[in-house]
Amino acid sequence: MLRRVRPLGGDPVDVLLADGVVAAWRPPGSTGPDSEGLPAGTAILDTDGLIMLPGLVDLHTHLREPGREDAETVESGTRAAALGGYTTVFAMANTNPVADTAGVVEQVWRLGLDAGHCDVRPVGAVTVGLAGERLAELGAMATSAAEVRVFSDDGHCVSDALLMRRALEYVRAFDGVIAQHAEEPRLTAGAQMNEGVVAARLGLPGWPAVAEEAIIARDALLAGHVGSRLHVCHVSTAGSVELIRWAKAKGWQVTAEVTPHHLLLTDDLVSSYDPVFKVNPPLRTAEDVAALRAGLADGTIDCVATDHAPHALEDKETEWAAARPGMLGLETALSVVMETMVIPGHLDWAGVADRMALAPARIGGLPQPAAQRWSSIAVGAPATVTLLDPSPWRVVEADTLASRSRNTPYAGRSLPGAIRATFLRGRPTVLDGKVV
Ligand code: DOR
Ligand code: ZN
């Protein structure tokens with residue numbers, strides 16, 4: 001029994017979780033929590049002031065296993081996910097070996113089951129070895145125990161237009177989706193940061209917005225032409241938001257995600273030459289940030305995805321040009337969304353539930369009822385929920401994160417909100433802000 005929880009910020013209710021679903025709810029005080037009628041042995045948690053959201057779903061997580069267990073493992077990454085309020089993460093395929101066969105995706109899926117902190121849905125590579133030359137065994141991955149529905153070469157763009165067309169056509173058979181890392185590689189060769197005034201001042205080679213936008217325009221046309229589902233990873237420019245708005249207006253099946261860091265941070269941070277701010281696509285301008293927030297608010301951008309990209313110290317604490325791109329995200333995502341979207345009034349809590357749980361579940365093809373509509377709180381709804389305390393502000397300390405890596409761009413920054421508990425099908429994975 002959760003006492004006095006506020007579903008999506010509405011009126012407080014007491015909630016009974018049983019057998020993996022919301023079994024009952026009632027206004028507090030109507031009958032006390034220790035009254036008759038509660039099943040024997042019911043644990044009672046005082047959740048006064050907490051907001052209940054559906055368990056968060058991340059479409060874009062790098063768990064690094066197999067291959068770079070020094071940077072992250074399925075165990076450590078999913079522990080970080082649960083602490084961040086996530087109950088499902090989609091694990092990207094750029095591991096070593098690459099997740100381009102049924103064998104590797106099943107291995108990652110089983111590691112997720114063993115860890116038990118949240119559901120792990122492996123993403124399959126689109127092309128063999130992420131090399132962009134031959135399609136991987138998409139069908140074998142889809143029919144494997146891991147039931148892959150999302151395919152991506154993330155880290156690399158599927159830049160060959162014919163290969164992209166074939167991939168889109170192929171996944172239609174099982175309602176799969178191609179998640180594209182939109183980056184025209186010829187336009188970004190040698191790029192170190194966003195192309196613009198800051199890059200010009202620092203003398204660093206630029207990554208132009210058009211390299212992202214050209215691929216989004218091409219792939220939206222392809223998805224419309226073949227009638228397949230395209231998902232655009234980590235949208236980072238104002239022009240990309242416009243293009244996705246156009247593709248949606250055409251009625252094409254195009255969805256998109258934005259990362260927390262692209263909602264908050266800008267390219268002037270690169271002036272510090274601190275590689276913690278190096279990421280791909282790069283941090284952009286304040287105008288881009290404003291367009292991304294507006295796009296997420298009006299639904300042009302469907303969801304928030306972390307692009308949690310852990311890197312070992314030797315790959316990050318080095319000179320700017322040699323450092324790997326990527327930032328941690330799982331343990332701070334909801335706080336950054338609070339700061340950038342909720343506090344300024346762009347999204348209410350129902351909007352957060354949609355952009356961080358329901359929409360990504362739908363895009364990722366999660367089986368019902370995980371993706372079922374979560375209006376306020378429904379009896380029979382899955383008890384896969386996260387409880388957020390919206391009141392505290394806390395300073396992020398890299399050393400206290402559950403991730404094996406330390407590359408958070410928010411170290412020393414104060415962020416709002418704290419996850420108090422996470423439940424996966426009625427079972428707590430986090431209580432009192434600690435993994436159980
Ligand atoms: O910054 C990034 N890091 N962008 C990507 O696309 C890949 C990711 C990684 O794997 O580190
Ligand atoms: Zn990417």
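Just so you know, glycine gets a Cβ as well, placed from its N, Cα and C.
TrEMBL: automatically predicted annotations, no manual curation.
As written in TrEMBL, here are the features:
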- 51-238: domain 'Dihydroorotase catalytic' (DOMAIN)
- HIS60, HIS62, ASP154, ASP307: Zn(2+) 1 binding site (BINDING)
- HIS62, LEU63, ARG64, ASN94, ASN280, HIS311, PRO325, GLY326: substrate binding site (BINDING)
- ASP154, HIS181, HIS234: Zn(2+) 2 binding site (BINDING)
- ASP307: active site (ACT_SITE)
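Non-local contacts of LEU63 (substrate binding site) by the CB criterion (under 8 A, 6+ apart in sequence, same chain) comprise GLU72, THR73, VAL74, GLY77, THR78, VAL89, ALA91, MET92, THR95, VAL108, VAL120. Between HIS62 (Zn(2+) 1 binding site) and GLY326 (substrate binding site), the C-alpha separation comes to 10 Å.
Taking the binding-site residues ASP154, ASP307 in turn and counting surrounding C-beta atoms within 10 angstroms, the largest count is reached at ASP307.
Distance between Cα atoms for HIS311 (substrate binding site) and HIS60 (Zn(2+) 1 binding site): 15 Å, as a whole number.
Considering only the binding-site residues HIS60, ARG64, HIS234, the Cβ with the fewest other Cβ atoms within 10 Å is that of HIS234.
With ASN94 (substrate binding site) as the anchor, the candidate binding-site residues are HIS60, ASP154, HIS181, HIS234, ASP307, and the one with the nearest CA is ASP154. Checking the binding-site residues HIS60, LEU63, ARG64, ASP154, HIS234 against ligand 1, the ones whose Cβ sits under 6 Å from it are ASP154. Around the Cβ of HIS62 (Zn(2+) 1 binding site), a 10 Å sphere holds 28 further Cβ atoms from the protein chains shown. Only HIS181, of the binding-site residues HIS60, LEU63, ARG64, HIS181, place a Cβ under 6 Å from an atom of ligand 2. Ranked by how many other Cβ atoms sit within 10 Å of their Cβ, the binding-site residues PRO325, GLY326 place PRO325 at the bottom. With HIS181 (Zn(2+) 2 binding site) as the anchor, the candidate binding-site residues are HIS60, ARG64, PRO325, and the one with the nearest CA is HIS60. Within 10 Å of the Cα of GLY326 (substrate binding site), the following binding-site residues from the list ASP154, HIS234, ASP307 place their own Cα: ASP307.
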